[in-house]
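Quick notes on the structure that follows.
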């Protein structure tokens, strides 16, 4: 990536729009960024990093503090950055979240953050992304660097040089992980670990399943096989042998089962035949008894047959009787109806004659009714005109009153409007300093947050420092106890060893008593004994020796524990010291040393400053609250003024409309007075006249309509009565004829069946249900008699020559055979189930053992890989660290090329091969080889200037390696913020020469420094000047 141009507006100290055109550098690829302290040199880095990633370059800068305090309320904070990458040009525009004054009304509103990314082409710009998330993702994609990688590789911010070489192995690992994206190796290591545990659990599960299957084996009651601690392969052999035996037993038992089955079936057949014969004898007895009972009912059945015959004859006569009786009843009813209709005809004839005379009389009065109607219409028209005239008069008066009311209201609203304008002007003067208070509140709050962070860090440092002092005191006390334990161990050791020596001397003396001159010594084999062992003064007892040994072993164990405790105490103390020094490293500006009193004083000073700032913030909050209340009042007044303005417009419009309405009504009233005359202008009097004329007309009209309706109705009723009376006479004659005919038909049918009398016929009548029941009784009797007779004949034929069988003897034999058969069947089933179960177990065991073996082979490989990958090896080096170490070696090769030049061949950075202690990971620790002494030492021992050279070399070397490895990353721009002030003249010249060598790679290098020699050596300068309206920036060339 190569920077082309950078534009900042209202950003940091740059209030006015500032554009930096890097193309003006031409062949000068190294330039110096110079200007007063606080002018905004590092802000240029911040602007680039903010444009690309939405974050500042340094670790102590945040996005919310980027808006310039010099900027006016209406100005917008933004950064516009254009850069070139792999032959393509990009432009990114980014704005932070910022507070802006409302365009309408008073107060402030928050504008959200925005970002836009364009590709610059010959025919214009093409928008690539306009959402913050999409822009961030696209930037990381085209640069192939995330924020942390970009900050480490391209921008080395002020105060962060030393971190490149002073961070410990773990922190350096995290940096290299982010840069080279080696999380794949970590994930691979975790996969091996997880897979190894998974396989181990699976093998355990298979073993559990194998044990479960072994417990399922049915060896049989006759087996004494023991499975305690037996190998599964041996158990399989025993099981196969047992299966062969069990299968042979099954064949023998099945043959015996077949014999018993045939015998039981024979007994069962004999019993079934005897049961059938016994049933036939019983059935014959039951049939003969039922036959006797049926013969006893023969007389009753004959009587039922006679009743049924007479009932059927009476049923044939009944329809003719029914028709004759129905016609007689109808004739009676028709005679009564005819009498009533004759009376009705006489009444209707009389009414018709009377109404006919009244109708003719009213018909002759039609002219009088028309005259009444015309008079009513005239009066109704006059009433309508009078109502219109009176309505116009009333509207005219109402409109005059309304017009005057609008005139008064308009004057009142205009006076109220002027009062509110004066009040708003007064409040606006009170709220003029709102912006200054808001800016100061924001500054104080940011400053307070920084103070609180420093206070928290000091408090933690103080706490850790006290803990370190307590550990030092504890260490001194512990060392006294340790020396006592050590002395006691040495004393008990000497005593025990002395006792052993006395025992050896006593044994030698005992042996010497058995020596004879000329005989060989059983110990040394010598035949000469010039100096035999002498009797010791004190003979050590065995119990005494045991006591000394026990005392020595206890002292030795106490000393071993004390040594372990000493190692632990030293380790904890060293860890606490490193932690305390690391905390103090970041707080050197606040406290010069690591004394508790100094830290406490710095903490108290920060606390007092926090209290002062909090008091000021409270004062500003109160002022802001009062101003906000004033602004709220102004908003309320603006709302009222807007509402009043809208009301005045409406009222004035209404006043104009009322004036027009007044003119129209006056004209209309004048027209009515000139064109119409009224019999009376009293609307009530005229209304009564109209009502009277209407009543007279309506009364006469109703009488006429009523007479017409009655005449028509009575005439229709008279005609209808005449027709009805004639029809009734005709129908009566028809019914009399039908009665005579149906009686003749009934008499002929009755005589045909020779009933003795009508009473005899009526007694013989039966309902359909009674006839069905009698017929059913007769049919069932005849049918049953025939069945029983046939069955008795059949059974007698079957039982000819047979005797009743003895059932119980046969049943007893069959039950006994069946029980024996069941016992044999159960025995066969149990043997069969045992064989099936054992066959299944044998199959399962074979499969499980095979699968377990395959898993075990996988586990041995994966477990070994897991241990190797996680660093469980002699070098304490994980797979990921091994890869990172390879990258670090490449970086050190490139870094040492420059460090060798800048240190006049004295220093060389090397990666430590020392194995870490206490199980920690190794492989990424850095040391420096001093060629003047030939010794290696920690990079932390380098002085400030030497450390700057080493970190600069490492940063440049890292940039070279990243560009060659990180998948298309192109680093054509590098910025360095301070650090040159720690170099002497020779070192500075060496560093400049090293940096000039970067021009060969077409890189652009920007350096911030106040060192005068750099200003003389570097001709291209980015000059930053300060002023009351913010900073300005421009390129200057010598």
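Cβ from N, Cα, C; glycine included.
Per TrEMBL, the listed range annotated as coiled coil is 250-297 (candidates: 154-201, 202-249, 250-297).
The feature coiled coil, as given by TrEMBL for the ranges 683-741, 860-918, 919-977, sits at 683-741. Listed ranges 617-647, 648-678, 989-1019; the one TrEMBL annotates as coiled coil is 617-647. Remote same-chain partners of the coiled coil (538-572), defined as residues 6 or more beyond its termini with a Cβ less than 8 Å from a stretch Cβ, comprise 471, 474-475, 478-479, 481-482, 485-486, 488-489, 491-493, 495-496, 499-500, 502-503, 506, 918. Using a cut-off of 8 Å between Cβ atoms, the coiled coil (683-741) and the coiled coil (321-365) share at least three residue pairs, counting only pairs 6 or more apart in sequence. Residues 700, 703-704, 707-708, 710-711, 714-715, 717-718, 721-722, 724-725, 728-729, 731-732, 735-736, 738-739, 742-743, 745-746 of the same chain lie 6+ residues outside the coiled coil (321-365) yet bring a C-beta within less than 8 angstroms of a C-beta in it.
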